[in-house]
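Chemist: Positions annotated as domain 'TOG' by TrEMBL: 114-330. Per TrEMBL, the feature repeat 'HEAT' maps to 161-199, 200-237, 239-277, 278-316, 317-355, 356-394, 395-433, 512-550, 551-581.
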Amino acid sequence: MEDNSLAPIALLIDSLRSQDAAQRLSSVKRLKTISIALGEERTRRELIPFVNESVDDEDEILLALAEELGDFVPLVGGAQHAHFLLPPLESLATVDETVVRERAVASICSVTAQMPPPSVQEHLLPLLQRLVGREWPARVSACKLFSTAYPPAQEPSRAELRAAFLKLCHDETPMVRRAAAQALAPFAETLEPQHIREDILPAFVDLTRDDQDSVRLIAVEAAGALAKVLSREEVAAAVMPAAVQCSQDKSWRVRYNAVQQLPALAEALGADTASSQLLPLYLQLLRDNEPEVRTAATSKLSAFARLIPVPDVTSQLLPRVKEIGGDSNQMVRSALATVVMELAPILGKGDTVEQLLPLFLTLLKDEWPDVRLAIIGKLQAVNQVIGIELLAQTLLPAVEDLATDKHWRVRQAIIEHTPMLATQLGADLFQQKLGKQCMLWLQDSVYSIREAAIHVLQAVAKDFGSDWARDHIVPQVLALAGSDNYLHRMTVLSAIGALAGCVSKDVVHNNMLPAVVACCKDRVPNVRFNAAKVLQQLAVLSDPPAVTQTIRPTLQELASGDGDSDVRFYSAAALAAVAAP
């Protein structure tokens, strides 16, 4: 019995010592199975110590080990024994490979989250102090653990943690300072307000002035989070000047991150201060030399505009917005297209029609398809602001042009918004403006456009009713059944299947069924077996006589006499699905 009980750990040892890396990796991924075989006590006493001695391997294996140990708490006996997992995870948090360290830190956080607070203080705090005193990779890992270690800690341990974190913020190694900057906001959220002011805020200011731009660009990301936990006066005195400095940094990456903090700062400072102190800076960033910075600034347009007085939006921001519409970089224009109509609720209908609508129309005709796509996605928002009359007068001509755009993704975007436009336009105006185009989409060379057009027709038929569909959609769809292009004939079949549930049985029997039966005699096998599939759909919607006299005989003929094996197969399947009379 004793030999049998030792077998799993012996097998593991042999596998982990194998010269074959694939075998070692497989062994690590089987750790849970081996642990279950050993039981909780022997896992703690034998397996975990052995694993801790094995953390000198290839990165892929160490990464798998870090992942496995994060889920091991139940296997070592639950929360009261979870601390047994910390030694191997601590070792993994010191290796050179970044992804292994990050996974190890994540597992440490997962394990300690299940531990009782006294156990966290007893085991995690010493672990953290050891990491802080080791080489720079370990110190990088340590930075990410302070927000986990601080809440359950008590004084004087908390004071020690704060001191250790501040030490890392001024570490001699840039990678450590960068990690400390990244951990600044999460750690601040766990601190008492007094210590945010006395400890974190000075560290934030120092990090935003670091001589390494890789540190500064991370440090400024904490500005928004700090603005939420500090008073308005403290934000104005310390956070805002640091963010302003980063917004004017020589490195565009720092400016890129800084501009994304401006809305949070504006919210913390209030409309008047934001307008007087931040708006000039924001306008400057909208004109930045680097397109990436202009793109980031433009993407924050509506978020910033709603936080300053409306007169300032109209007098100062809108003129720059109009300039962006002609920016030389398509990514900047695309960012504008995504957010520009979010200004409409801020400006009101009058200024929207006068100031934004011309810009919207310009972007709809932009040479780059991504810009046109972005603006098309805002059609519904435009309609909600300007109303149907102006939509029909100003936007529909542009929409009609885009419906035949040379880029199929643009055509598809227009199609996806057509049901919304149909609802707003009403049956008559829709038929007048877009009805013909829907039929042209059914003949598009791109399959996804044809399929999308079918969904549009189905949605419009449901919206406008059975009689309208009978008079305006069904005849035009059935007319395509005589097309020389077999793809068009197959599209007709798909359209019939989609529309059959939207019209009366009379239309199904008198109009749709004869067309499908005719397609069952098509010269192209693909058309014939698709017709068989549609007959199966129509059978559900048809009266028994139509099933008995038309549908079943047609399917029987195809299933038994067609020269194509695929047609016979699908016809037989459809025939089996159609209930016997």
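Note: Cβ is positioned from N, Cα and C throughout, glycine not excepted.
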Chemist: Quick check on the repeat 'HEAT' (200-237): DSSP residue counts for helix, strand, coil, in that order please.
Modeler: 32 helix, 0 strand, 6 coil
Chemist: Cβ under 8 Å, sequence separation of at least 6 from the ends of the repeat 'HEAT' (512-550): give me the contacting residues as numbers and ranges.
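Modeler: Here the qualifying positions are 474, 478, 481, 486, 489-490, 492-494, 496-497, 499-501, 503, 505, 557-558, 562, 564, 566-567, 569-571, 573-574, 577-579, 581.
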Chemist: So how many of the residues in the repeat 'HEAT' (395-433) end up helix, strand or coil by DSSP?
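Modeler: Counting residues by DSSP class gives 33 helix, 0 strand, 6 coil.
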